Amino acid sequence: MPKYKDINKVLVIGSGPIIIGQAAEFDYSGTQACKSLKEEGVQVVLVNNNPATIMTDTDIADIVYIENPTVSVVEKIIAKERPEGILATLGGQTGLNLAVKLKEEGILDKYNVKLLGTSFESIKTAEDRELFKRKMQEIGEPVAESVTVTNIEDALKFAKNYGYPLIIRPAYTLGGTGGGIAHNDEELISIVDLGLKKSMVGEVLVEKSLYGWKEIEFEVMRDAADNCITICSMENFDPVGVHTGDSIVVAPTQTLSDYEYQMLRSASIKIIKALKIEGGCNIQFALDPKSHKYYVIEVNPRVSRSSALASKATGYPIAKIAAKIAIGLRLDEIKNPVTGKTTAFFEPALDYVVTKIPRWPFDKFYTTDRKIGTQMKATGEVMAIERSFEASLLKAVRSLEIKAYGLRLNNVKAMKTEEILKGISVPNDMRLFYIAEALRRDIDIDYINEVTKIDKWFLNKLLNIVNMEREVEKSELSEGILKKAKRMGFSDREIATIKGIKEEDVRMLRKQHGIYPSYKMVDTCAAEFESVTQYIYSTYGEEDEVEIHDMPKVIVIGSGPIRIGQGIEFDYCSVKALWALREAGIKSIIINNNPETVSTDFDTGDRLYFEPITLEDVLNIYEKEKPLGVMVMFGGQTAINLTEGLVKNRVKILGTSYESIDISEDREKFSKLLRELNINQPKGDYALTVEDAKDIALKLGFPLLIRPSYVIGGQSMEKVNTLQEIIDYVSNATQVSPGRPILIDKYIDGREVEVDAVSDGECVLIPGIMEHIERAGVHSGDSFSIYPARNLSEREINTIIEYTERISKALNVKGLINIQFAVKEGTVYVLEVNPRASRTVPIMSKATGVPMVKLAVEVALGKKLKELGYKSGLWPQTPYTVVKAPVFSMEKLTDAEVSLGPEMKSTGEIMGIDLSYEGALYKALEGAGLKIPKKGKILLSIAERDFQEVPSLVEKLQSLGYEIYATYRTGKYLSLMGIHVNVISLDNAIKLLKDGYFDAVINTPTKGKKPDNTGFKLRRTAVEYRIPLFTSMDTIKAALNAVAKVNVNGLSILSINEYEEIQKDNVKNLVL
């Protein structure tokens, strides 16, 4: 029983939407914590506004509030629910910052709520740069020379005394937001100015740079009885100066001597004890490669990205144990769930090497600066487990899904040596491949080490890989060479490319020689005790530890790393699928490689293969397990793209067939199907060459929408207005999906509508219709969406239902399908179809109460919807409103274009739910950082094509009492219309934005994309200084309606459980 007898109900704070620096790792840790507390008989109340997470499902916490985690909202929840404790160390920086505010504003004391786990004082000491420095000095732990400043003058004074380079770290921020490395006064002024604005308390730390030192991390655990253990040591491949979230990380540490390891381990334990942290904590060190000198960089007094990595690397469930410690249990009282025999009071032992590689969004942002530094830019990451560093690294590279199957890339191979050397000289997303190419060209390791400061041990391992490439190239693929290459982690595809043969030839040859992977268990104790959980990785040339049982089982293919266009929503679907299979009495197997997610938790499925999602790796597991079949509909485009190869290798696909998937994914075949079904579609044609595209453009007229086949998140999808733009974009898009046609559509300036449905081939259930606020042309993932749809006539709704049924039956869909429509002047057009789970499945499941994934799994296994209690057609709509709002991470990506278009840019989403439409929209806007104050100054800079909409907008703003400023061209147009506003230059507008003069910016781009355009700079400044920015006229109009009509005090604060009850009463009358 927990030590704290008085803690029966706990409020857990979630981390909110997925943004760079705070991703799915907090869904994983939060889910684990909620389950862990419930195991101890504690009632769990959760607040989190991210609908795409597993943790916001009502079967994880007892009571779930999908509300914005603000002080006022959380106070209302505390007043209503009266929890005895609050757990904030599992909600990332969001949770931590909120807990600090609740404590400082006296709310926790007012309601007698105990801050569980790490105390307020410990959080303050670890997060406040000056207090932390003092505490380290007090216990004799070295910290770099630094000063905490609240103004630019003090920063410049420090620079004068200590020289450059300097590292700037704002207090209470995440992912290095607002930080950077300054090499001169100008850079220092710019970074400090921004950092002060980003910090919750308006202070930044300026410290002497330790650039080039080794960065080492320790994950440590402590309980209230002062018992301490280190769970995992991790080494950054990149030296200090690159944010750990943007660095390749290896566990356990590889290049430390035993003396260095013990020195840093002892320091870690000393630090966690001094800070009195109860639970998990991450400590980062800088170690001088030339001596035993080290400095403490920082401490995260909470579960972090590194904790998720350490959990998956060791099998030790950090968040689960941390939650139990928070309610008073000691480490020696908690059972280790992996072995089932030992307690949690032990240090995991690893007999393998783990490598994490970040996944960056540069494929979506062509203009952004690809350099990496102290401010994180990666959206996600992959992890690989193998017996050697070389094999682990190569496995991680092929998990990234960047068309790299080893360290050889054609575009890098084609570069001149001076370009390669330039690429090595600064940290960037491609540096690993540049280094490998430099080694191929016999560039000296000492030189590479001198330039990159990457340890020679790692560089020599890369050289081993390069030498193996040479050996494969020169040899006849003998059994010996193949075995050696496979043991080093080479994929069949990489070997085939080096030899100029087909991948299937290598696979056949390998099988002829009897070379198969063997599978090993992750057991936390280097096989000292038998593992009761099924957490597996592959290797070559070793004994296989995994027994195959003869029971019915199904493989679910996961969605890999989080990236723009394929986020946590697909992990939600994978997890729900695993649970549905278990409920159906079928063993569930998941293949995935993302260390941040719930799907890769050791007990989510019956068996977890932590492997790359490539044809080779999936086929190996399929052949070993011999399941009933494979489910590809939950793993996003990652899984869908494997279908063709799986079917060719006689793998049974459960659910919609490959033929149907191919029809809907291939633009030309799909267009033909719609014509046969007599369904409206935008006028269009397909092109394979630039010449085709030019002819089509001239025939259809502008504006046009270009879409490639088989891509995610609208990658390379563009709205084009001129012939030159079409020539530029077709050249780019052809590279995205080789050999697949590009569809060129006439752009429809209408409302966009979206439907997710479940079909069994005969019966088609539509849980709801979502309507987008922004017109067609803005990617659905970047649109505000409303459920139930508000502006559709009965005739339009009936057409949408009819089209959904016709398409689902024609494609014989067995499972989930997502269809996007445009509606203009009463005509409904079909824009696209995805015969799989979409990113709106989680939110629609939560909004309507229809268990979409569970139904899709049952249908894929052969059941009919009627047997499951559902009928064809539209499910009764809810008497409340749900609004999905996109959330962007633009402030982290220098030089990225922020305006909306057909290519997706958002990293996450939040949900606003309320009994009124205006209330739900207001909550969604606030959660997305677009809250407009009731009064204030608004800046307008509008593109000419939108001028006709400006007068009514300005009149609305003025009637609400806003003071309006406009840039020259917009102001001049308004003046001609007889409307008077304050007119300023763009340059002056940017200066005033930096000074915090404006409360919101409305700017629709003219050209966009070019960082030297003034409009581009205006949008970037608004984003970087966190001023609400609207780049779509539709969004701002909807926002103003919400602001005008909403009574903030009248917003309903109900749990999802209460909304579900309202909907159950609503559906009760439905006769099936």
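Count begins at 1; order follows the chain as displayed.
Cβ from N, Cα, C; glycine included.
Annotation source Swiss-Prot lists Mn(2+) 1 binding site at GLN284, GLU298. Around the Cβ of GLN284 (Mn(2+) 1 binding site), 19 further Cβ atoms fall within 10 Å across all displayed protein chains.
What Swiss-Prot lists as ATP 2 binding site is ARG707, LYS746, ILE748, GLU752, GLY777, VAL778, HIS779, SER780, GLN820, GLU832, and the listing cites sequence analysis.
Residues within less than 8 Å, Cβ to Cβ, of GLN820 (ATP 2 binding site) and separated from it by at least 6 positions along the same chain comprise GLU752, VAL753, GLU754, VAL755, SER780, VAL830, LEU831, GLU832, VAL833. According to its DSSP assignment, GLN820 (ATP 2 binding site) is in a strand. Residues annotated as Mg(2+) 3 binding site in Swiss-Prot, with sequence analysis given as evidence: GLN820, GLU832.
GLU832 (Mg(2+) 3 binding site) falls within a strand segment according to DSSP. The Mn(2+) 4 binding site feature in Swiss-Prot is assigned to GLU832, ASN834; the stated evidence is sequence analysis.
According to Swiss-Prot, the feature Mg(2+) 4 binding site maps to GLU832, ASN834. Around the Cβ of ASN834 (Mn(2+) 4 binding site), the number of neighbouring Cβ atoms within 10 Å comes to 21.
Residues annotated as domain 'ATP-grasp 1' in Swiss-Prot: 133-327.
Across the domain 'MGS-like' (930-1072), DSSP assigns 74 helix, 19 strand, 50 coil. According to Swiss-Prot, the feature domain 'MGS-like' maps to 930-1072.
What Swiss-Prot lists as region 'Carboxyphosphate synthetic domain' is 1-401, and the listing cites sequence analysis.
Taken from Swiss-Prot, the feature region 'Oligomerization domain' covers 402-544, and the record attributes it to sequence analysis.
Summarising the annotation, Swiss-Prot assigns region 'Carbamoyl phosphate synthetic domain' to 545-929.
Feature annotation from Swiss-Prot assigns region 'Allosteric domain' to 930-1072.
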Around the Cβ of ARG707 (ATP 2 binding site), the count of other Cβ atoms that are within 10 Å: 23
Minimum Cα separation from GLY777 (ATP 2 binding site), reported as the residue among binding-site residues GLN284, GLU298, ASN834 that achieves it: ASN834
The region 'Oligomerization domain' (402-544), counted residue by residue under DSSP: helix, strand, coil: 77 helix, 13 strand, 53 coil
Cβ neighbour count within 10 Å of GLU298 (Mn(2+) 1 binding site): 16
Structural state of ARG707 (ATP 2 binding site), classified by DSSP into three states: strand
By Cα-Cα distance, the member of binding-site residues ARG707, HIS779, ASN834 nearest GLN284 (Mn(2+) 1 binding site): HIS779
